[in-house]
Amino acid sequence: METIVMEHIRLPKVENVRLIDTVTSRRASVGTLYLTATHTIFVENETEILTETWVLHSLVFSVEKQASTTTGCPLLVRCKNFQVLQFVIPQERDCHDVHVSLLHLSRPEHYEELYCFSYNANSDREDRRKAWDFINLKAEYSRMGLPNHLWKLTPANHHYKIIGMVSDTYPADLYVPKSATPPVIMGSSKFRSRGRFPTLSYYYKENHAAICRSSQPLSGFSARCLEDEQMLEAIVRSNPRSDFMYVVDTRPKLNAMANRAAGKGYENEDNYSNIKFHFVGIENIHVMRNSLQKMLEVSEAHFPSMSYFLEGLESSGWLKHIKAVVDAGVFITKAIAEEGISVLVHCSDGWDRTAQVCSVASVLLDPYYRTLKGLMVLIERDWVSFGHKFSHRNNHLNGDPKEVSPVIDQFLECVWQLSEQFPCAFEYNERFLITIHHHVYSCQYGNFIGNNQKERTELQEKTHSLWTYLWKNRTDYINPLYRPDHSQTQGVLRPLTAPYCFKFWGALYNRFDRGIHPRQSVMEYLMAIREETQQLEEQLDRMADDIEASSMFAYPWRIGNICTICKENMSEQAKHVFSYGIHIETAVEASSMAGQEGCWYKGQQYARTEGLIM
Amino acid sequence: MEFSEHIKTANVEDVVLRRPFYQPTKGTLCVTGHHLIFSNRGGDSARPFLLLLRNIDAIEKRPSVSSGTITLKCKDLCVLQLDIPGMEECLNIASSIESLSSLETVSEMYPFFYRPPFLSLQDQWGLSSTEQHYAQMKEIHDGWRVSQVNRDYSVSPSYPPAVIVPHSIDDETLVKAARFRQGGRFPVLCYYHRETGTVIMRSSQPLSGANRKRCREDELLLQAVIDGSELGYIIDTRSSQQAQQARMTGGGFESKSCYRGWKRLHRQLEKGKVLQESLIKLVEACGDQSHSVDRWLSKLENSKWLSHVQTALSTAGLVAECVERDGHSVLVHGSEGTDTSLLVSSLAQLILDPDSRTLAGFLGLLEREWVQAGHPFQQRCAHSAYSHVRLRHEAPVFVLLLDCVWQLARQFPLAMGFSEPLLLRLAKEVYASDYGTFLCNSDQERCVTGVKERTHCLFQSLLRANERQHYSNPLYERTELAIWPSIQPPSLQLWKGLFLQWTDDALHLVEAQKVIQNLVSQCHRPLNEKVENTDG
């Protein structure tokens with residue numbers, strides 16, 4: 001595999017390359033550009049401290065060679081984590097070679113070429129295997145109280161085949177109403193796109209109402225399917241306190257109607273007894289892709305006026321789409337928690353908008369999904385196991401650009417918007433969401449490789465799991481304001497969805513334009529003082545023990561082994577070590593700033609775990 | 001004047017009050033000379049609801065046969081509703097509110113009647129005088145002096161009696177220079193930057209007029225400021241076109257040939273009617289009940305409020321950059337020198353000066369740069385965003401300042417000694433207050449009407465021990481460095497705490513603030529106790 005990759009590198013090293021600061025476009029640094037099997041590395045010349053910029057090939061979204069000027073040939077690299085790098089390479093020929101190399105390197109043809117298969121996180125095979133069990137969906141369903149007298153686990157898809165009918169995009173373990181017999185499941189499966197029949201996503205044990213999900217029915221203009229109708233009836237019956245259910249079609253009505261011409265469509269209320277049908281109008285993947293593109297153009301503009309920014313934000317439509325997803329989540333939450341009515345959610349295939357809406361509703365309904373582990377479980381359940389097409393949507397391999405769409409990005413943003421509205425309700429912080437976003441694209445971990453569980457099981461074995469990495473470093477991701485006992489934290493969240501509640505998420509989309517971020521962070525300050533307090537408390541405890549043990553009178557007031565800079569300057573130190581840009585310079589800067597082994601080590605370690613140095 | 005003339009019905013029973021965050025309650029409504037008092041009939045221990053009539057910006061009444069509804073839109077942007085039984089009562093109450101809320105005689109206003117037990121009228125009014133301020137700045141005593149040239153307000157009616165000017169300029173020169181500046185507002189010192197020894201000055205526009213008049217004394221005054229160094233900057237808060245046009249009406253600008261060593265830069269800041277309309281549009285947008293994001297963003301953009309915030313901060317940043325990075329002195333002025341000049345000079349000071357970022361330092365800055373410097377508060381804040389009255393001199397320049405300060409504090413949450421509640425309190429007090437601080441348009445008016453003898457000072461009240469804690473920033477860590485704000489659009493946000501303060505959204509944020517406060521005090525307290533124990 002290594003050799004295949006190496007073949008793409010036409011030019012491993014170019015000197016006298018300039019890296020232009022795209023934000024100010026004033027400063028440029030001169031250095032050497034290296035192409036490795038996994039990263040593009042830019043090393044600045046003649047700086048006191050080592051300044052390097054590393055970019056993973058899998059994070060490269062596009063490489064654009066621009067017209068040569070007298071100073072050289074500009075190469076614009078846009079990344080999927082919204083980093084934009086502009087290099088100027090002295091020789092056009094070299095620029096061409098780098099361009100071609102990067103095009104190949106950033107668009108691998110085979111899964112085996114992805115970074116997760118070469119990334120080695122210093123753990124042995126056994127640990128790596130065990131790490132994959134960290135998030136266990138069986139445990140998640142039993143946490144919800146399943147199986148029980150209303151819902152059962154069906155073996156129908158255990159070999160990724162519904163009896164006689166392939167459903168390779170669904171997980172093996174599926175929960176269905178107790179009364180759903182195999183023929184009903186099979187019949188319903190045949191009547192749904194890709195065999196994705198209605199199955200359980202979330203069960204609200206307080207009142208037995210459930211969120212179910214599926215793909216669209218193959219109803220065309222008039223087709224019916226008795227088993228599918230029975231399937232929905234079974235869902236209604238598995239909620240003993242209600243006599244009807246909602247069917248939420250997340251598409252705009254027009255799109256759903258157009259699908260009827262292709263033999264697909266939506267449920268006819270006349271054929272299904274006891275359903276109330278409801279459209280929520282979330283746009284499709286193509287609209288979302290273009291919308292993000294427009295928004296990024298606005299956010300990348302150099303010193304735009306306020307009006308340009310707000311007009312651009314409006315015309316991109318991005319926040320409107322985010323609001324549509326949250327609105328749909330709120331609708332479902334009300335149905336479940338307040339009315340006690342079960343809901344079936346679908347779109348066309350049931351792996352994009354359906355995943356968004358089901359998971360947003362889960363976050364609103366259940367405080368568990370507002371914890372670190374809970375969000376991992378939720379993503380694992382509604383996205384990974386239910387066949388969100390990560391490889392296609394996030395462009396892991398060289399594929400159809402029309403399949404790419406920021407669907408999970410929007411989910412993460414919905415969670416962020418909610419966390420801005422309820423600052424004490426979420427155990428995790430913004431950095432957690434941004435890190436997940438980063439790794440959904442980075443291909444450093446095996447979690448998001450492939451398009452469905454079937455594909456993934458074969459690939460994952462050789463890779464590491466993101467969740468255990470995040471869990472190990474969880475102190476970085478804790479929201480210091482989280483109050484599990486707080487009134488706004490308990491139970492169901494009832495967010496406002498007025499338009500002014502939706503803000504541009506600068507920390508993600510302008511992640512690398514550090515100039516626009518708040519210059520000081522409340523969260524980091526609080527995290528730092530908490531850590532400092534803990535450290536000092538431990539010190540004190542130890543010293544108290546020492547005093548007791550040795551019964552010495554004069555114990556010199558020294559803070560033993562820990563770095564004095566850490567102690568005295570903890571907030572400053574923490575700011576650098578944890579400062580968010582995935583730039584190696586940050587870590588190295590922090591190390592050299594601290595100037596002591598303890599801190600230096602910390603900085604290095606941080607850089608290493610982030611995959612910045614190997 | 002008797003307030004009772006305006007009060008036809010003083011008491012109404014069974015009135016229903018609807019206000020944000022509360023269930024509708026039934027009780028008794030009482031109109032007094034300065035307040036609406038609503039007390040809950042149930043007789044529970046809850047305090048009666050008190051509304052300063054001055055706070056009411058607009059009143060809408062909908063009488064019907066046997067009852068009526070009055071909607072009160074307040075200057076603090078709160079909207080209340082009163083359901084009043086009896087049409088006559090409803091009309092009487094409405095007309096009392098209308099006339100009492102728009103009284104214009106300063107000495108009849110509530111601050112002249114407010115006598116809280118914790119303050120005494122014998123106390124010094126205000127935090128500091130020009131002389132006291134000067135005395136504290138030892139480092140400027142060589143080059144600068146206090147001039148009493150305006151002691152009887154004859155040189156400049158809107159200036160305080162004492163101002164700080166270059167040592168080498170005598171009062172006679174000042175008098176002549178004042179004649180060459182609109183409203184007599186000759187250039188005075190507002191900030192001295194220790195690190196570079198350069199200053200920020202402010203003034204009004206020079207009256208050079210259509211035939212480019214000169215004033216030797218004015219030129220001398222400015223020459224004295226940059227004595228020794230070769231360059232100074234004049235930041236004109238008008239566009240160069242506006243400055244040119246001002247010549248037609250007797251105003252003008254400092255021409256390059258007459259003011260050697262001074263370089264003029266134009267940065268257009270809106271004020272007056274444009275700014276007031278911007279606020280009105282913004283508040284209207286925030287109250288829009290439609291659920292379209294497009295419409296919201298388009299209205300937000302259309303209000304231009306955030307553009308004004310951006311321009312104000314960027315101009316202040318420019319001034320600060322001249323002083324700190326380039327080491328050159330700056331003179332700021334627009335036309336009258338009572339609005340945008342104050343905005344820019346005070347923001348620049350916040351960026352540069354750590355002393356102005358403490359709670360007391362910030363209030364001192366507001367006192368010097370706004371109250372004493374003659375911002376016409378009474379004219380600018382007569383009405384807020386809801387009023388239907390034809391606009392005269394209203395303009396939310398001070399609110400814009402507070403918004404910019406909030407943006408600074410959001411970008412540097414540890415650098416300010418004061419908290420958002422202080423800014424919100426000021427935004428409310430500037431329109432309707434128990435205190436006399438924001439009454440009148442100038443120091444002179446304040447003396448004539450007896451504000452300083454017969455009212456209490458807000459700033460002093462805010463610095464009392466029990467208030468201090470509420471208005472202090474728990475995260476404050478003093479930094480000596482300048483705090484350079486980002487003026488990129490994504491860095492500037494709508495100030496929800498002010499403009500959306502009556503929505504649930506703001507409620508959650510207030511709770512979060514409390515959690516932060518507890519967290520900080522928790523982290524510090526037990527540890528200190530423990531250290532003491534271990535030491536023992």
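Positions of Cβ are set from backbone N, Cα and C atoms, glycine also.
Note that the structure is predicted; figures quoted are calculated from it, not measured.
Under the heading domain 'Myotubularin phosphatase', TrEMBL lists A:131-509. Annotation comment: TrEMBL describes A:N284, A:I285, A:C347, A:S348, A:D349, A:G350, A:W351, A:D352, A:R353 as substrate binding site. Summarising the annotation, TrEMBL assigns active site, phosphocysteine intermediate to A:C347.
By the criterion of other Cβ atoms within 10 Å of the residue's own Cβ, the least surrounded of the binding-site residues A:N284, A:C347, A:D349, A:R353 is A:N284. When other Cβ atoms within 10 Å of the Cβ of A:W351 (substrate binding site) are tallied across all protein chains shown, the result is 25. Within the set A:N284, A:I285, A:C347, A:S348, A:D349, A:G350, A:W351, A:D352, A:R353 that the record links to substrate, no two Cα atoms are more than 12 Å apart, and one pair reaches that distance. The substrate site is set by A:N284, A:I285, A:C347, A:S348, A:D349, A:G350, A:W351, A:D352, A:R353; from the centre of their CB atoms, other residues of the chain with a CB within 8 Å are A:T250, A:R251, A:T354.
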